[in-house]
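Below is one structure; the comments refer to it alone.
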Amino acid sequence: MSNPFLKQVFNKDKTFRPKRKFEPGTQRFELHKRAQASLNAGLDLKLAVQLPTGEELNDWVAVHVVDFFNRINLIYGTISDGCTEQSCPIMSGGPKYEYRWQDEHKFRKPTALSAPRYMDLLMDWIEVQINNEDIFPTSVGTPFPKNFLQVVRKILSRLFRVFVHVYIHHFDRIAQMGSEAHVNTCYKHFYYFVKEFGLIDTKELEPLKEMTARMCH
């Protein structure tokens with residue numbers, strides 16, 4: 001337990017929110033276990049993301065979206081004390097990229113916010129989606145909505161922005177904590193997954209293009 005990242009992970013106060021769990025005995029739980037097993041076995045990440053034979057795409061995607069939400073949440077949680085209104089008054093990825101927040105309720109127009117405020121709204125917004133049975137049904141046999149992949153694309157492109165901000169503005173903190181390898185693996189897994197199923201527009205991936213070319217090809 002000397003690894004500071006593991007200490008952070010096991011320190012429950014650091015995580016933003018409770019994890020969404022899959023119910024044991026459900027199809028989704030079995031898929032989750034299968035996805036985890038292939039990762040733990042050290043399977044090439046490019047292969048690990050491929051849809052297993054005979055499985056439904058929406059089920060596979062749902063399992064991964066929840067898992068990425070939990071893991072990216074945790075990554076941001078570990079650096080969040082260094083991401084403040086003062087240090088990050090704008091949610092950005094370097095000087096070229098600024099992300100504005102928009103939702104169906106309070107922020108109907110894209111609004112400039114500080115990074116911590118943006119992250120808070122983002123995590124709340126995703127949590128509402130993945131806990132909504134109409135979007136992410138948990139009962140076997142309940143169909144996914146027709147716009148499921150559309151919703152997922154929006155969730156994943158916004159989660160990608162967390163990577164952008166963390167890598168560009170807080171990478172020294174990650175390196176200092178010794179969790180660089182962990183974050184890189186999580187990023188590669190995420191990247192291969194969205195590429196495999198075409199879930200993020202190429203232009204959204206621009207801010208980390210050079211790093212991705214070094215790391216993922």
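Quick reminder: no glycine exception, Cβ is built from N, Cα and C everywhere.
Taken from TrEMBL as is:
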BINDING   CYS83, CYS88, HIS165, HIS170  Zn(2+) binding site
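Within the same chain, residues at least 6 positions away in sequence whose Cβ sits under 8 Å from that of CYS88 (Zn(2+) binding site) are SER114, ALA115, PRO116, HIS165, HIS169.
Remark: HIS170 (Zn(2+) binding site) has ILE79, GLY82, CYS83 as non-local neighbours, by Cβ distance under 8 Å and separation of at least 6 in sequence. Listed in sequence order, the residues ILE79, GLY82, SER87, ALA115, PRO116, MET119, VAL166, HIS169 complete the 8 Å Cβ shell around the Zn(2+) site centroid, once CYS83, CYS88, HIS165, HIS170 themselves are left out. When the binding-site residues CYS83, HIS165 are scored by other C-beta atoms within 10 Å, HIS165 scores highest.
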